[in-house]
Structure formats: structure tokens, C-alpha cells
Amino acid sequence: MGPLLYRSRHIPAEEAQETGCFTTLPIRIHLRDDLADAASRRFVSDWAREMGDGREKKTYFSFSPVGNWSSLIYPEAIPERLGVLAYLSDLGLIHDDTGEGLSIEEAQAEHDELHAALDPDDKSSLDPDSRAMKTKKLVSQCMLECINLDHELGLNMLAAFRDVWLAISEKNSDKEAQTLEEYLQYRSDNGGMLVFWPMLQFSLGISLSEAEHELVQPIIDAATEGLLLANDYFSWERELREVQSGQSKRIVSAVELFARTMGLSVEDAKEAVKSRIIKSESDFCQRRDDLYKAQPNISSKLRRWIDCAGLAVSGNHYWCSACPRQNAWKNDTLSNGQNGHGLYRIHDGNGFKTVPMTNKTATDLQSNDIKILSNGNGGNAILNGNGAKTVVNGNGAKRKLSQYRMASPEQEPFVQKKRSMDTDTSCQKHDIQTVSQYPHHKPSNLAMDAPAAYISGMPSKGVRAALIDALNTWLHVPSAAIKTITSVVNLLHNASLILDDLEDNSPLRRGLPSAHVIFGQAQSINSANFMFVRAVQEVAQSLSPAALTAVLEELEGLYLGQSWDLYWKFNLACPTEAEYVNMIDHKTGGMFRMLLRVMQAESTATETPGLDFERLILLFGRFFQIRDDYMNFGDYAAQKGLCEDLDEGKFSYPIVYCLANHPEYRGHILGVFRQRPTVATTTASPLSTESKAHLVSCLRKCGAFEKTLSCLRDVERELELEIDRLERLTGEANPMLRLCLAKLSTKGIATLG
């Protein structure tokens, strides 16, 4: 194996040791540290402008005398990617700082809102003026840059931010670790490490297979331990002071764990953490060498990945030893803690006490009416002299899973009444009198809501909610109206899904049983119809007459579009491309056009001459549906079922192209379609694997997949140009809209065939 080539600068060990750094691994820094600093300054400026909460004045960011944090943990990053990494890192720092200063309830709300902002499956509406929406704007622009630089790794990083950092940041937050292994597991899950590694991959442009990840995981585990413990070692004094002074409500440290579980003094606990850091670095090197010995022909890609993981450990260690974030406390006066003689001022709930920290054990801390209890993932329960308890954690709040109840309190009387009717013998004697005396009351909505609740709980791409948020950048619809519009769109969309599955005789919806399979056809139809009624009620009660007109007109268009889709399938009549696109404009595009028109009816924005969103929505509807047609034959099949459109006999875009341009395959396709059941009363049965394989082969041979992908790329380019035009007219960039398109981009779609 030849030596690895570097594009970063080596930092001599003696230079690093001047800051108190004791890492045993080599340290390197990116040659373009200026790019990282510029991105950090941009983040601080963007935060101040968008958030306006002054938090940027209270947070120590990635800057340090020895280099930017991102320059040290990503020293080998592709230069064009260093800036966005620094930007995201500073977002993480300020988000953590904000959470540490909140109660557990406030932190949970903060995490839940930001998770919703980044979660395409979330159906809740965001207040345009909320912190989550403002943060979403910051993240959208940055993530758009990431996706444009590397579509696959950029999307992976976005998923890590959303599904790992935010969704499980409170995992096991109520547990107290008793061993270092437990603590490291919790901190690895909750402390951002599962986000860091995708960021490192992105920095290098390295994609790893599952097998490659598994091969190097023991080495990465050692690196993770080194990263976490270095932060604990250098941040202990700062975090302790912040908790004691009331600046923070949580503390994250293995120092406390060792002091509590091993009965060590704080000084000895810090030394134990230091020894463990050195051991983790030794384990990293030993495991790396063992792997190289066992697999001497290991790829240069994996060698580079392992090497850069080690550089991240040493770079983080060096930065922690010198950065103001961890070391500014050293310049504090008595009012901020240490008085210069090893004494600290501690607030016990009744006032300040000055106590020595040297040889202060965890037991001594408890005797001073302050008890710091690690919860296992860096969180703590702070007990003061009054017995008040605040349970806090390292990074935010645990995500809650929605649960459906079989009966609500308002429905319980209905259940009890039925039971009493079953056992009341007096009814048998006085049927006429009892019936005449029953009071009139509204029945329970349990049965009617069940199919709706079921369909709304299914996974979703969340495109409509994202589009509402993005368009509101320009339309400035009040938050109350946005909530109503989001609710109405969700109701109508879910109702259409129930009816679509019935009309298509489809047993599956995104890999799950369709609503009518669970609740029956009649009950599902009734529920879907009521969802339409409820949606119109909400518009009539909460929005303007113009909004109601828009909803009713676009509902008509939805039904018209669906009528032709059903007609073609039942009569085995293939539409022309123009007819098919017109159907899309009404059936699929109608929902997008509806939300636009309703938002325009409620908009408070000043009218701009020439500002017209019609073409944007028209193109978006076509792009969305034709992409869905294409993906049904590809990896999207894992969610919807293998080529489900073929089971339904659907004339999708590839089929329309094939039949219009290659009549030699007409008999093949229509012959198979003719044999499928066309009415919902007939038990649905998917086409055989052999039949599907034959039809896919016909589409591949005639170039239908290439034509469809080419069409998508053309429409995507038109969409990008339309967004450019609208941004020029409004004078306001719309990163959320661009990110919405980027997530659906053809750049990340493989060519079928």
C-alpha cells in the first residue's frame, strides 16, 4: 500500500501541545480555512437577520485561534464543500446552545418544530413567523447547496439531520448510565455522531456500501469514543459553570459519570477521562492496523475514509483545547465562577455559595443541596434545596409517536349506551314508549373517521405541505389561514387516495393494505365523501368567498381528470400524449393549483405586475405525476408494490409513449391489460411476475423509459427557469422551493433498462 496523499497542512505536535492538547494522533488543517470562516460569518449574519433573537451574540461558534472547527475536523474536504459543512456545524452549535437554556418541555417543543420543518412526512402546518419556519429557511438554502454539490450524499446528510439528530435526540433521556459503555451508546445516538459521519462522507465525496460500513465499524466506534470524550474533557468547566449560574439547564459530561459511579474527585475524574481518550486513540490505531494486516489489498477509498476519521478525532481534540467555546471561561472573573483560588460560586436555589472544587466528590456536591444526576445520554436532573427537579438532556426532546385510540371520552357514552341497551330488559316491555322518548343527538364519528385516520397515518412524500411553505415565501398568507389551507389540502388529498384505490381496485397503498381492504368499500367511500364535506366546511368557515370558489372549481377539475383516467382503463382506450397531459393537469395538477389559488385568495402580499404562478404550478404537476409514473417501475416499487401501475392497468406516460410510437407492442400490452379485473367487486389480483417482466421488457426495448426520463429532465429545466423568473420579479430568493424540487430531481434517478 502506497502512502496517502494529502491536500491539507500538518500541525506539529509541539505546536498543538501549547494549547493543552494531548492527542496522540496526527493533526491536519484544511488549506482553505478562510472558506470555513467566511461560511461561519455568513451563518451568524443570516441567523441575526432571519431569527432576530440575539442568540448569535451569546453563542461561541466555530472560530478559534488555531482554525475553524470544520477546517480541523474536515481537513481533507473538497474545497467547494467546506463552506456548507461549516454553516451546518454552526447551526448545530447554536441549536444545542438554545436547547441547553430551555426546560425539557420547551426543548421538546423546539425539537419537534424543527423536526417538522425538515420532515417531508410531517403534515402539520408551520407558523410563517415561528422559529421552526425561520430555521427551515436557513437550512433549506444550505441543504440545496449540498444537494447541488452531491445529490446522493447531500440527501443522505439531510436525512441524518432530520431522522437522527432531531428525531432521536431524546432517546432514553430518562435513563441514568451506570457504565461508560451505556453512556457512550446513548451519547453516540443522541449527541450528533450519527449525523457527523454522513457529513464526513459528504466532505470527501465518498460513498460506502453496507458491507464497507460494517467492515470499518469497530474502527469508527473507537473514533466516536475519542470525539465524544474530548468534548467532555474540555467542556466540563464551562458546562458546570453554566448550570450552576443558571445560564444552562443541562450538562453533558463523562466527568460527572466517573465522579458519580467511581467515587472520584472531579480532578481525578477528569484524569480518568483523559486516560480513556488516549486509550480510544490507541484502540483506533490498533484496529486500523489489524484490518490492514488482515486485508492487505483493502481499497484506497476505505484507507482514506479511515485516515480521515482519525484526522477528525485529532482535529476536534485540538479545536476543543483552544476554541473560545470551551475556554472563554478562563478569562471570567469571580462573578462567573472561579475566583482564582480554586473556589467556585454555586447557586443552590436559595443563593450563591463559594465552595472549593478541588477534590470535590459527587457526594460532596449532593451535600451542598445540588445534585447532578447523569441520565445516561449527557442529560441531567438538577435538584435544588427546595426539592425542585428539572430533567434535562444533551440535545433536545424525544419524538412522540402518534397513537390512535379506539374511543375518545366523547365517544364513551355511545359505547356505554350500547351496553345498557343490550342488558336493559325494560326495553323488551316498552318498545314503543322507549323509542319515542330517545333524545336526538349527533352520533359518534368513530366509524366515519377510522378510514381517514388510517390513510393519513401512512408515509407521505409531503410535497404539498412543502409547496405551501415555499409559496408562502412570496404570498405572505397569515398563519391562521395557512393552518386551514394545510388541513383542507390534507383532507382532500387523503380522500382522493381512498377513492383512487377503490376505483383502481388496488389492494395496496405505499406497501400497506388500502383503506377499503381494512374497512370495506362502502365505509371507505362514506369516509372519503365526508372528508370532502369537512374540507369545504373548513374553507367556508375560516377563509374568504374567493377561496371557497377556488376549492369548488378545482374540485370539479379533479373529478374531470379522474373521469378520463378511469374511462381509458375500463375501455382499454389509450390516450394521446396531449390527452394524457391534460388529464394530469386536472387530476394531479388540480390539487397543486387549488392550494395556489386558495393561498392567493388569502395573500397579504403587495401585487407585483407580471407575477403569475400558473406556469410554475402547471409544470410542477406534470413533473410530479410523470416522475411518479417513471418511479413506479424503479426503486419506488419498494413502497407501492412491484410495478403496481401494471396491476391497475394504468395508461401511464411510458405506456402512452410505447403504444403511440411502437404499434408492434400494442397487442402485448393491451392483451395483458384485458385480462385484469376492471371492477371493484372482483377480487384484485396482481399480474404474474412473468407478465410484468414481459411488459417491462417491451417498454425497455421501445425506449419508453429513456423517453420518459428525457421528458422529466426537460420539464425540470423549465421549472428551474420559472423559479429564476419568479425570484427576479419578487426580488426574493426561495430556497425552500428549490429544495423541494431538488428532492425530486432527476439528477438522483437511475436510468431504467
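Glycine residues also receive a Cβ, built from the backbone N, Cα and C atoms like all the rest.
Around D96 (Mg(2+) 1 binding site), taking its Cβ as the centre, 19 other Cβ atoms fall within 10 Å, counting all chains. Taken residue by residue with DSSP, D96 (Mg(2+) 1 binding site) is part of a helix. The annotation Mg(2+) 1 binding site is assigned in Swiss-Prot to D96.
Here Swiss-Prot flags D96 as Mg(2+) 2 binding site, drawing on similarity to another entry.
Here Swiss-Prot flags K461, R464, H493, R510 as isopentenyl diphosphate binding site, drawing on similarity to another entry. According to DSSP, K461 (isopentenyl diphosphate binding site) sits in a coil region rather than a helix or strand.
A C-beta separation below 8 Å, combined with a sequence spacing of at least six in one chain, links D500 (Mg(2+) 4 binding site) to S506, Q562. Here Swiss-Prot flags D500, D504 as Mg(2+) 4 binding site.
Annotated Mg(2+) 3 binding site per Swiss-Prot: D500, D504, in sequence order. When secondary structure is read from DSSP and collapsed to three states, D500 (Mg(2+) 4 binding site) falls in the helix class.
The secondary structure of N632 (dimethylallyl diphosphate binding site), as reduced to three states from DSSP, is coil rather than helix or strand. According to Swiss-Prot, the dimethylallyl diphosphate binding site annotation covers R509, K587, T588, Q625, N632, K640, K650, on the basis of similarity to another entry.
The annotation region 'Terpene cyclase' is assigned in Swiss-Prot to 1-329 on the grounds of similarity to another entry.
Taken from Swiss-Prot, the feature region 'Prenyltransferase' applies to 330-745, supported by similarity to another entry.
The annotation motif 'DDXXD 1' is assigned in Swiss-Prot to 96-100. Model confidence over the motif 'DDXXD 1' (96-100) stands at 71, taken as the mean pLDDT rounded to a whole number.
Annotation comment: Swiss-Prot describes 231-239 as motif 'NSE/DTE', evidence class similarity to another entry.
Among the features that Swiss-Prot reports, motif 'DDXXD 2' is placed at 500-504. For the motif 'DDXXD 2' (500-504), the residues of the chain that approach it from at least six positions outside its boundaries are 514-516, 521, 524-525, 562, 566, 569, 648, 650, 680, judged by C-beta separation under 8 angstroms.
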Going by a 10 angstroms cut-off between Cβ atoms, which of the binding-site residues K461, H493, R509 has the sparsest surroundings? K461
Which binding-site residues are spatial neighbours of D504 (Mg(2+) 4 binding site) here, meaning Cα within 10 Å, out of H493, R510, K587, Q625, K650? K650
With the isopentenyl diphosphate site defined by the record as K461, R464, H493, R510, how many Å span the farthest pair of C-alpha atoms? 17
DSSP assigns the residues of the motif 'NSE/DTE' (231-239) as 9 helix, 0 strand, 0 coil
Nearest-integer angstrom distance between the alpha carbons (Cα) of N632 (dimethylallyl diphosphate binding site) and H493 (isopentenyl diphosphate binding site): 19
All-chain count of other Cβ atoms within 10 Å of R510 (isopentenyl diphosphate binding site): 17
Residue pair T588 (dimethylallyl diphosphate binding site), D96 (Mg(2+) 1 binding site) - Cα distance, angstrom, rounded: 41
